[in-house]
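Structure first, then comments.
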Amino acid sequence: MAFSELIEQAGGAGLFQILLLLTFILPCFMVSFHTLLENFSAAVPGHRCWTQLLDNGSAVPANMTPDALLTISIPPGPNWEPHQCRRFRQPQWQLLDPNTTASSWSEADTEPCVDGWVYDRSTFTSTIVMKWDLVCGSQGLKPLSQSIFMSGILVGSFIWGLLSHWLGRKPMLSWCCLQTALAGTGTTFAPTLLIYCSLRFVTAFGIAGIFLSALVLMVEWTTTSRSAVTLTVLACSFSAGQAALGGVAFALRDWQTLQLAVSVPFFAIFLISWWLPESARWLIIKGKPDQALQELRKVARINGHKEAKNLTIEVLMSSMEEEVASAKKPQSGLDLFRVPVLRRRSCPVLVVRMTADGLMQMVGRLGGMMGPLILMSRQALPLLPPLVYGIISIASSLVVLIFLPETRGLPLPDTIQDLESQKSTAAQGNRQEAVTVESTWF
């Protein structure tokens, strides 16, 4: 808990925290673009089979209208619109007779779209569905690509949580920005669907690290009283990015242009990330108090706080003595389930900080990865997707309401010991309240 006091001595909430928040708004805004990108880049346009009469100009009879050619070339679909996945083997001239009936042709007269598809390009000039014909028999590959993207966030949340704990928050943030920029830009030029999905996985892997590192750095450089506000602002910037993506996609209707537009800015974010300081708390725990002191004094200087002269290595080590001792003990992600108070808090959110945050993000992305796959089942079981989505949401709300404690105005615990003492303090408070009520009643 003592690190929050060091932040106060470095100026608490000042110009540095404002600059830090403004810096993180941009990556959080841009990250949301990639999350929902395939709603536009993988949109399914209207389509039908390519046919000789309709699409080969030299074979079109001069006295035939487009509607008549469509009638004799494409059978009607389930909703009596032109079928999207089948065509007639031979032109059905008898269908031009106004007295013809539906029994004048059979399924045997049709065949799949062996020569490809013709797409409606009035809304989107190009999508990955058009590029790789992800329709009809291949329509299941479209949600699969989104599931692969979400699996990249799933794996990245866990890996970056561990690496940030071992190697630091800032290096991971900078690397993830560069990785997202390179992989996202490379996706634009993917020659095959396999390469496209692979690069989307790498992009998602980097996005997980950006979001994770940005949130943790923001929390570790913010006072307890302001952390809720700053995290709310970052969450709002993420939501604003989701809303803005519709406007960007409206202006850029080619999927490759759209992909470039949401990826290239990460090169700039990579360069901006170099001014960020490393987490002083992490530096102290990792046995680098000299660097931690430099970072704290730099923050105090930006905040115009003169009391930073009182900050020394001795003050840092004495203030963080408990946290440093706790960090030297062997810990792992299993502590989230081994310690009772952590187990009760972790399970509902599926809420050691980078490891825990990485695990929470990972489990959240597991749901995101399964979402498109569950949606695929609606062809066989139409009610299954809404039932699954609704029941899980309601159950999660109840579990959070019952098991998670209120944290408003409370300092964030830094160690497992902090959690246990927080639990003991709460228990004592409850007992005191019970005694007071009993005495009053008596």
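Counting starts with 1 at the first residue shown.
Using the three backbone atoms N, Cα and C, a Cβ is placed for every residue, glycine included.
Note that the structure is predicted; figures quoted are calculated from it, not measured.
Listed in TrEMBL for this protein:
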- 423-442: region 'Disordered' (REGION)
- 12-33: transmembrane segment (TRANSMEM)
- 148-168: transmembrane segment (TRANSMEM)
- 175-195: transmembrane segment (TRANSMEM)
- 201-219: transmembrane segment (TRANSMEM)
- 231-252: transmembrane segment (TRANSMEM)
- 258-276: transmembrane segment (TRANSMEM)
- 387-404: transmembrane segment (TRANSMEM)
**OP:** Would you mind listing the long-range same-chain contacts of the transmembrane segment (12-33), meaning Cβ under 8 Å and 6+ residues beyond its ends?
**Re:** 177, 207, 210-211, 214, 217-218, 221-223, 225-226, 230, 233-235, 237-242, 244-245, 248, 262, 265-266, 269, 272-273, 275-276, 299, 302-305
**OP:** Run the contact check on the transmembrane segment (148-168) against the transmembrane segment (201-219): 3 or more C-beta pairs under 8 Å, excluding pairs closer than 6 in sequence.
**Re:** yes
Subject >> Non-local residues, at least 6 beyond the ends, that sit with Cβ under 8 Å of the transmembrane segment (201-219) >> reply: 20-21, 24, 27-28, 31, 34-35, 148-157, 159-161, 163-164, 169-170, 172-173, 175-180, 183-184, 187, 227, 230-231, 234, 263, 276, 279, 353-354, 357-358, 361, 365, 412
**OP:** Could you give the residue numbers and ranges of same-chain residues that sit at least 6 residues beyond the transmembrane segment (231-252) on either side and whose C-beta is under 8 angstroms from one of its C-beta atoms?
**Re:** 21, 24-25, 28-33, 35-37, 39-41, 214-215, 218-219, 258, 261-262
